[in-house]
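Remarks on the structure that follows.
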């Protein structure tokens, strides 16, 4: 782990996606960029009094000394992140944290992403393809406007399938519809599923029926990112694991998704209240 600090971690590129609900930031963080690997994350603060927010990196470039994060605006902290412009920056960025994805040549690999999980899936998909695997990517969103990184995922994979819940683009249905076809017709050696917890739950449930190894990336409540606070604990195979140091990737067939979903609801009311108050004050 490296901690790189100057006066700020300057934003060199900013892009709004999904109607402004999803934001891409490319950030100067040269030491982190040198060491970052697919699957790892950073913890970021906008200012001295800001909340620590864990975000898995969507990309890193050692040559330019930058990392890329993509996040959905859901609370006060991400609303504050969204207000930052190119040339401005974050006070703190700590990383790379967590265990990187284990990448090896296996054969046919299916990478399944939903929502902003596609951002996390992107570098993993690319690394698996570069390792010599035949990578089939399946990405989905509620509608066409909420899809992100389609072109990036097309370049990172050998085959790409796109799904929307409402049928406004690509396959009308869920990512699990396409996944089922792949499991029935291909000799799939590994599935990587990253997205909303319910999506990962049903991806893992399906692959278990076919006895296909499945990795999921978890993003529970997290504070320090070094295993001290215990806030990110998850139950995996009946044992308590810390997502920040033992993960964020785990065997999807062993994760207690119902327990994880319950923990993720703990501060939803407070988060919405803080978000609404922040937006009201900064109109």
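Note that Cβ sites are derived from N, Cα and C of the backbone, with glycine treated the same way.
For 4-103, the entry in TrEMBL reads domain 'FAD-binding FR-type'. Marked as [2Fe-2S] cluster binding site by TrEMBL: 229, 232, 244.
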Where residue 232 ([2Fe-2S] cluster binding site) falls in three-state DSSP terms: coil
Residue 244 ([2Fe-2S] cluster binding site), number of other Cβ atoms within 10 Å: 27
Candidates 229, 232: member of the binding-site residues with the richest Cβ shell (10 Å): 232
Stretch-averaged pLDDT - the domain 'FAD-binding FR-type' (4-103): 93
Helix-strand-coil residue split for the domain 'FAD-binding FR-type' (4-103), DSSP-based: 17 helix, 45 strand, 38 coil
